[in-house]
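A.B. asks: Handing you this structure, nothing more for now.
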Amino acid sequence: MAAAKKKLSTMRLDRLVAFIYNMIILGSVFAFFPLTSEVFEFNKIIIVYTGALVLTGIWIIDMFIQGHFIWRKTLLDYPLLLFLLTQTISTLFSIDQRTSILGYYSRFNGGLLSLFSYALLYWVYTIYMDREKTIKLIKILLLSLGFTSVWAIGERFGISISCILINFQANTSCWAQNVTERAFASFGQPNWLAAWIVMTIPLVWSSKRKGLLFMLGFSALLFTKSRSGLLGFLISSLTYWIPLCFLLKKYQKSLLTFVLLSAGLIIIFGTPYTKSIVSSGSETVVEGVTESADLRRIVWKGAIDTWTHNSFIGSGVETFAYSYFQYRPIEHNFTSEWNFIYNKAHNEYLNYAATTGTLGIGAYFVLILFTLRILYQQYNSAGSNYKTTMVALIAGYTGLLVTNLFGFSVVPTSLLFFLYPAIAIALSNKVTNKIAQHDLSNIRTTILLLVILCIGVGISLLGAYWYADYQYAQGMGLFTRGKLREAQQKIENAILLNPQPDYSIELSQIYKEIALSSPNSLEKSTYTQKAILIAQNTITENTFNIKLTKGATEVYHDLEYYQQEIETLNKLSQYAPTDPQIPYRIGLAYRQLQQKDKALLFLSIAISLKPNYDHAREQYKLLKEME
C-alpha cells in the first residue's frame, strides 16, 4: 500500500520564523507584568526561552522534512561555539550550578540557558531570515524605539503608560522609583533603557525619516540621565558619522542636522553634567548617598580580586553575588549601599572575568572581535543601499560595548548583541528563500508530530516556571499583609512547580511566623520543626548563597535556636569575611545566650569592620553598661 503523502511549504516555515523573531523583538522591549517577583527581566527572558525553543523546533522539523542537515556557515560559528564551551566548563565547576544554568534569581539574563538560547537565535536567523524579512524586522525595531521613547518622555512629564496599564491612572504612582527624575519605560532601570537606545538609535540615522524619531529617541536617552548611556551615544555617533562623512561627502549635511538637533535637545533638557533651560528648579541632592562612580570603583576592585583568585574558570557563570563577598573590599562598608547584594560587577567584562575566569573572558573578547569583523565584512560586501545600515549596526554594537564598561547586559541588549551580526549577514543575502513543496511520508509526519510534542512539553515547563514565580510573588504579598495560611499555600504551590531555594527560605519564614503566632502547642512544635528543617536544607544546598543563609539564620534566631545560628554564621564568615552584619548577628545570639564576653567580642568585630555601624555600637554600649 502506498504511503500517504502530504505537502508542506518551506515558505510557510520562513514566514512563521520571521513572525516569531518580530514577536521576540517586541516582547524583549515591552514585556512586563507587575504580579511576578521581578516585573521586567523575568517576563522578557521567558519570551526569549519560548522563542528559542519554538524556532529550534521549527529548524529540526525542517531538517526532517528536507531529509538533510540545514546549516549556514558563518565566521561567527567557531567563536560562538568556543564561547559556549567556556561557559559550560565554568558551569560544570560552578560554586552554584543552578544559578549558573538559570541565572541569578531576580536577574535571570546571563545564565547558561539564556546564552544557549541567544546562540540558537543567531544560528536560526542566519538560516531563515533574508534581506526582505530583515528590513521588516529593522522597521519593527524602529517602531519599538519610537513607542518606547514616547513612553519614557511621558514618564518625564508625570504620565507613565505602565501606570495606565497597571492601575488605570495617568500618573507615575505605580512605581516606587521617581521616574519623572530618571525614566525607564518598559525596561525597569534607566541605564538599561539607555543602553538599548544607544544600540538602536544609529538605525534611525540610516533610515529615510530620521528627524522626528531621532528627537524622540535622544530625548528619551536624556531623560534616563544615564552617564554611561551618553558616553555610549557619543562613541556610537563618532563611529557612525566619521566614516560616512570621510567616505561620502553627501552625508555632511546630515551630520550638521544631527549635531544641531543633539545640541538643541541637550540645551533644552540638560544632561547629568549640564542644566536644563526649562528646569523648574535645582536637582534634589540626597545627603549620605555614595556616588555611583565611587561604588563602581570599590566593586571593580572586588571583582578583580575575585578574578585573580579564580583565574582560570572563575567562580561559575552568574555567581558574582556569591563570590564577590569573599573578596569584598572593606571600603564597601563605608558606602550607603554597604548592606546591598551586588549580583553583577557593574562592568560586563569584569563580571565575565570574575565568574568565568580568563578562559571565559578570553572567549568573550574573541566573540566580540569576530562579530566586529563580520559587521565590517558585511559592510564591504553590502550594496550601496545598505551601506549606512551596516555602519549603523557597527555603531550600535560599539555603543553597547562602551555602556557595558559601566553596567551589564539585560535581555533586550543581549538579544541585539547576538542578533546584530545575523542581521548584517541577512542584509547582504540578496537571495530570497525559495518556495519548495515537500512530500511528507507517514514516518516523517510521525517525527514531525513528536517534535511538536516536545515543543509543547518545553512550553509547558516554561509555563510552570513562570507560574511558580507568579505564585511565589503572590505568596510574598500575602505574607507581608499577615495572611500566613494563604501565603503558605501559594509558596508551597510554587515549590511543587519549581523547587527554587528562594521559595524555600520564604516558606521557612512563613512557617516560623505561624509557629510564633499559634496558641496550639502541637501546631507550634510542628511548624517550628518544619521551619528549622527547611532552613537547614537551604543552608546545606546553597553554601555560598549569603542572602539565603542569612535568611535561614533569621529563622534560627526568632525560634531561639541560637547555637545553630552561631555555628551557621561562623561558617558564613569564611565566605564573607568583611561583612559586618555577620559578627553583629553572632553578637546578638551570644547576648541571648547570656554569654556577654563573647557578645562584646563579636560586636566589637562588627564595629571594627564598620565604625559607623550604629546598631552594633548601641548594642555594645548597652552590654557595657550592664557590667
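Quick reminder: no glycine exception, Cβ is built from N, Cα and C everywhere.
So TrEMBL says this about it:
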type     : residues : note
TRANSMEM : 16-33    : transmembrane segment
TRANSMEM : 45-64    : transmembrane segment
TRANSMEM : 76-95    : transmembrane segment
TRANSMEM : 107-125  : transmembrane segment
TRANSMEM : 191-208  : transmembrane segment
DOMAIN   : 213-364  : domain 'O-antigen ligase-related'
TRANSMEM : 228-248  : transmembrane segment
TRANSMEM : 255-273  : transmembrane segment
TRANSMEM : 349-372  : transmembrane segment
TRANSMEM : 384-402  : transmembrane segment
TRANSMEM : 408-427  : transmembrane segment
TRANSMEM : 447-468  : transmembrane segment
REPEAT   : 580-613  : repeat 'TPR'
A.B. asks: Which residues of the chain, 6 or more past the ends of the repeat 'TPR' (580-613), have a CB below 8 A from one of its CBs?
C.D. replies: 330, 333-334, 338-339, 550, 553, 557, 560, 562-563, 565-566, 569-570, 572-573, 619-620, 623-624, 626-627
A.B. asks: Would you mind listing the long-range same-chain contacts of the transmembrane segment (447-468), meaning Cβ under 8 Å and 6+ residues beyond its ends?
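C.D. replies: Distant contacts of the transmembrane segment (447-468): 36, 42-43, 46, 49-50, 53-54, 57, 60-61, 64-65, 440, 493-495, 497-498, 500, 503.
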A.B. asks: How about the transmembrane segment (408-427) and the transmembrane segment (107-125): do they have 3 or more C-beta pairs under 8 A, pairs 6 or more apart in sequence?
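C.D. replies: Since 3 or more Cβ pairs under 8 Å link them, the transmembrane segment (408-427) and the transmembrane segment (107-125) do come into contact.
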A.B. asks: Determine how many residues of the repeat 'TPR' (580-613) DSSP places in helix, in strand and in coil.
C.D. replies: 26 helix, 0 strand, 8 coil
A.B. asks: If you average the pLDDT over the domain 'O-antigen ligase-related' (213-364), what number do you get?
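C.D. replies: Value for the domain 'O-antigen ligase-related' (213-364), mean pLDDT as a whole number: 92.
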